[in-house]
Amino acid sequence: MKILNIQQIREADQYTIENEPIKSIDLMERASYELFTWITERFNNDFSVYVLAGSGNNGGDGLVVARLLSESDYKVQVILPLGKNGSDDFEENLKRLKKINTVLILEELPEQISEKSIIIDAIFGSGLSRPIEGRLADLIKKVNNFEANKIAIDMPSGLFADKASPSEIIFKADYTLSFQVPKLAFMMAENQEYIGEFEILDIKLDKEYINNCLSDYSIYEVDSVIKNRLKLKSIAHKGNRGRATIIAGGYARMGAAILAARACLHSGIGLISVQTCPHCIDIVQNQIPEALILTDENEYVLGSYLDYSKQDVIVFGPAIGFAHKTLVLLENLLKDYQGQLILDADAITLLAENRELLNLLPEGTILTPHHGEFKRLVGKYSNNFEAIMQLKSFCMHHKVVVVLKGKFSAVCNADGKISFNPTGNAGMAKGGSGDLLCGILAAIYPRIKNSYETAKLAVYLHGLSGDISKEEKGENFMTPSIMIEKLQSAFKKIEN
Ligand SMILES: NC(=O)C1=CN([C@@H]2O[C@H](COP(=O)(O)OP(=O)(O)OC[C@H]3O[C@@H](n4cnc5c(N)ncnc54)[C@H](O)[C@@H]3O)[C@@H](O)[C@H]2O)[C@@H](O)CC1
Ligand SMILES: Nc1ncnc2c1ncn2[C@@H]1O[C@H](COP(=O)(O)OP(=O)(O)O)[C@@H](O)[C@H]1O
Ligand SMILES: [K+]
């Protein structure tokens, strides 16, 4: 699903108004009817409704919703903190609201409201032009302390859609109901406490116009071409389903290698090899009998460049440490290995500390840093909008694919296109969960044969196995090992 900026959304509104054609007041009615339907499907009319309406078109939406709810026998009260002189469509809807004469229009929000209430934020939407101050700021602080159900129309008031929000005076919604396309701000971790869950309501803006809009940002959806490439051919044999080698862990840190190898195995790889030091061979053989062992010459660290000529893909880095021999192995892989490289965790720190190696990164290499590791590569940033800019320029400069992990992991390619991943949850924030992602990436690459498409799909499946684990086991109990089991349902879900 494409993410558009405010300017593009305005143009899409305008294009629809002129070419459908539809009057702007009727488009507002259509948009608000979708809001009304969403609300009535979830909250019955035992809930009291308070609508905070600004004086622009966001406020106009709020007034329409107030009217529609009142006509369905909800007790509705409207608060107009900005007064009554507003946009044309706001004014017209204020008249229509007054005509039905069942909605109380208040000067101020009451001091107390029952928990069985809904507060609808229709103060500012996409027209926000500066941080909220003064009396309005006090109002937002006050409602944020109420225990009611809070719904923001289009955007939580105070939040900017396309850039970092400088102030913390922002409506804290439980749900944000936005129109037609998501906004970039919804993807940023620091905004989640204001957005709550977001839903995109189809208000029937011109589809073709939106398809033709150019955007570097989107939310990932699995497409049928990629699904087909994932299917095993009936003539598959272990030699043509892909060969992957995991170079990870080391003495007393073999968990990372085992988790990555198991995830790889359960994601459809044909042959899996694990490079390991002599002391760790038994652990690997006991834990993954399916794995071939590549024995490192070093006793306790990984550092030998072995024969990888038949390997389609190598995962290098999880818990591998920072020994000099390991650094040399990384350098040799960057220079000589001809297959697909996936670099994670300590490999990324080694690159950051030995920056000349960055120039050796083969085109299309996949790197999977979390924010701590990514900052080592690109320097500090103070919010996710800055992180996204750094991500683009890093990928474009080095011609690589980076998965920047977190809530809505961002997958960026060498053209600076960013796909945000919608699956996953906080239960995945447990040591070992990133190792699985490496394994899934390695298993999928030989069938997809494109770093960006592989990364998007693997991150999606990884998050989906996390979501299924959360649903079945709960976010505290779930572990990376449980997530490996749930890959079964995750694959089934996308295959059907
Ligand atoms: N035809 C359309 O364009 C549609 C627009 N829709 C709604 O319209 C909204 C956009 O409406 P508008 O463009 O009127 O913008 P808003 O309703 O978001 O607010 C704009 C007004 O607020 C003022 N303002 C901005 N920041 C302020 C601040 N910090 N303190 C005080 N005043 C401030 C602006 O000067 C302007 O007068 C969308 O978010 C959506 O809810 C929907 O009705 C769907 C159709
Ligand atoms: N709050 C969250 N919501 C969604 N996904 C998350 C969240 N926290 C962590 N994750 C995911 O869990 C994984 C953690 O990986 P990583 O940080 O490398 O951990 P480790 O190195 O301990 O395995 C990443 O894929 C990340 O996207
Ligand atoms: K709003």
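Every residue gets a Cβ built from N, Cα and C, even glycine.
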Residue from G379, G432, G434, G439 that TrEMBL also lists as binding AMP with K405, G406, K407, F408, S409: G434
Residue among N57, N58, N212, N228 sharing the K(+) site, where TrEMBL lists D121, S157 as binders: N58
H370 ((6S)-NADPHX binding site) as reference: those binding-site residues from S157, K405, S409 with C-alpha within 10 Å of it: K405, S409
Where the record names K405, G406, K407, F408, S409, G434 as binding AMP, the maximum Cα to Cα distance in Å: 14
Cβ neighbour count (within 10 Å, all chains shown) around H370 ((6S)-NADPHX binding site): 17
Sequence-ordered binding-site residues from H370, K405, G406, K407, F408, G434 with Cβ under 6 Å of an atom of ligand 2: H370, K405, G406, K407, G434
Long-range Cβ environment of D154 ((6S)-NADPHX binding site), under 8 Å and at least 6 residues apart: N58, D61, G125, S126, T176, L177, S178, F179
Binding-site residues near G59 ((6S)-NADPHX binding site) (Cα-Cα within 10 Å), from D121, G406, K407, S409: D121
Spatial neighbour of R130 ((6S)-NADPHX binding site) that is closest, considering only the binding-site residues S157, G406, K407, F408, S409 and their CA atoms: S157
Contacting binding-site residues, sequence order - D121, S157, K405, F408, G434 vs ligand 1, Cβ under 6 Å: none
